[in-house]
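Record features (TrEMBL):
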| type | residues | note |
| --- | --- | --- |
| DOMAIN | 2-188 | domain 'Sugar phosphate transporter' |
| TRANSMEM | 6-26 | transmembrane segment |
| TRANSMEM | 33-50 | transmembrane segment |
| TRANSMEM | 56-73 | transmembrane segment |
| TRANSMEM | 93-110 | transmembrane segment |
| TRANSMEM | 116-135 | transmembrane segment |
| TRANSMEM | 142-165 | transmembrane segment |
| TRANSMEM | 171-190 | transmembrane segment |
| REGION | 198-232 | region 'Disordered' |
């Protein structure tokens, strides 16, 4: 059931694709052509950055793809829980998930010892802050943005490994790192620009009088109309 590290990384890089498919099929969300275009250098860069041995078994392939799909589902569901009808706070979401994670951890622990309990405490504390930051970022951005950021993080991990451990990489790996960073920056630019356009389109050009507010006199209405015309 084994898969090579390179194969695992390439399949995990497909998380944005699965995220888009899930959002299209189940949420009816639509993305612009520029968004799709911005993902091309990103995914190509991750592929080149992790190029290597792609050996895998049938069960390993199945489990790797399943894990990638579940990761995409988790990101989409987490976003909808926080920005949809429930509007859960990240801490509220953690409160509901942490007991289940604790039970799973204890079940899979073969031996309980003071050393293991200390390790679980330290690991749980780190995981708490990591998930809080992740949930907050997911709420303020989008599921697709989170998966794109995860791909960039994957490549930056390679950069850190090369810098700290003096790991040797080939030309294609280096080219892939550069393409991934450029693709991530391109996607961020596209996402920022489209959000700005949506904000401007949803904001009225001129202040609208409240239906419950005071009625304007004929002279005041005429003056307001002149101001609007002059601004146009």
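Including glycine, each Cβ sits where the backbone N, Cα and C put it.
Counted over residue pairs 6 or more apart, the CB atoms of the transmembrane segment (33-50) and the transmembrane segment (116-135) come under 8 Å in fewer than three pairs, which marks the two as apart. By number of Cβ pairs under 8 Å, the transmembrane segment (6-26) is matched best by 56-73 from the list 56-73, 93-110, 142-165, 171-190. When Cβ-Cβ distances below 8 Å are used as the criterion, the transmembrane segment (142-165) is approached by residues 9, 12-13, 15-16, 19-20, 23, 31, 35, 39, 42-43, 45-46, 49-50, 71-72, 75-76, 78-79, 134, 173, 176-177, 180-181, 184, 187, 191 of the same chain, each at least six residues removed from its ends.
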